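The region 'Disordered' annotation in TrEMBL covers 54-73. Residues or ranges marked as transmembrane segment in TrEMBL: 73-93, 105-128, 148-167, 173-195.
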Amino acid sequence: MVVATYRRRKSAEAGVIAEMAVARLAEREGPCPAGPLKVRTSSLLVMALDSSTASGASQPDVTASPAPTSRSLGSTATSIAADAAVVVAFVLMGRNNHDEGLTPASVLGVAAPFLIALCAAWVVMLLATRRTVATTGRTLSVQRLWPAGIALWVTTAVGGLVLRNLVFGDGTAASFVVVTCVVLGVGMLGWRAVWTAATRAR
């Protein structure tokens with residue numbers, strides 16, 4: 001629709017320019033028979049419209065970015081929920097293996113730094129996606145392993161460990177760091193790998 005409007009506007013402008021050129025030509029050369037003038041006018045208009053159409057086709061409108069659809073918003077919300085579920089599942093498995101309580105408060109206390117890091121990572125990802133669409137017209141899929149999956153995983157794992165240590169005052173032993181990175185990586189990249197395979201199989 002944007003391209004069609006752009007072409008119509010260019011065609012109208014070309015028509016006005018052609019009419020002005022014909023008027024100036026008539027003033028300079030003096031009166032002439034109506035037949036040749038009509039032929040000359042028609043020729044100029046055709047040439048102007050052809051050049052306008054060609055220039056419109058070769059100059060796509062890159063200023064207008066596509067508005068997010070309900071489908072894209074739904075897939076983004078699903079992806080955020082899937083990543084959050086991976087974080088919560090990681091905490092539940094860890095506390096269960098250590099025979100610790102699984103009350104909502106205790107689970108949230110452990111998951112909080114990683115959920116905060118995940119939210120921050122998603123904010124940055126959505127801003128980057130919007131910028132990519134506005135500048136290149138291409139959509140950055142948040143379901144892809146690269147770059148979305150890797151970036152979200154690394155930011156969530158590293159950011160969560162830093163917040164856990166510096167803000168929440170909990171331990172970050174080497175074994176815990178390794179397990180955190182592996183489990184979050186398997187979960188956050190795993191469901192994206194399944195999604196990618198299912199999409200390609202369609």
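Cβ atoms here come from the backbone N, Cα and C positions, even for glycine.
Annotations in TrEMBL come from automatic prediction, not curation.
Not measured: the values here are computed from a predicted model.
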Within-chain partners of the transmembrane segment (148-167) [C-beta distance under 8 Å, separation at least 6 from its ends]: 83, 87, 113-118, 120-122, 124-125, 140-142, 177, 180-181, 184-185, 188-189, 192
For the transmembrane segment (173-195), sequence-distant contacts whose Cβ falls under 8 Å of one of its Cβ atoms, 6 or more beyond its ends: 82-83, 86-87, 89-90, 93-94, 114, 143-145, 148-150, 152-153, 156-157, 160-161
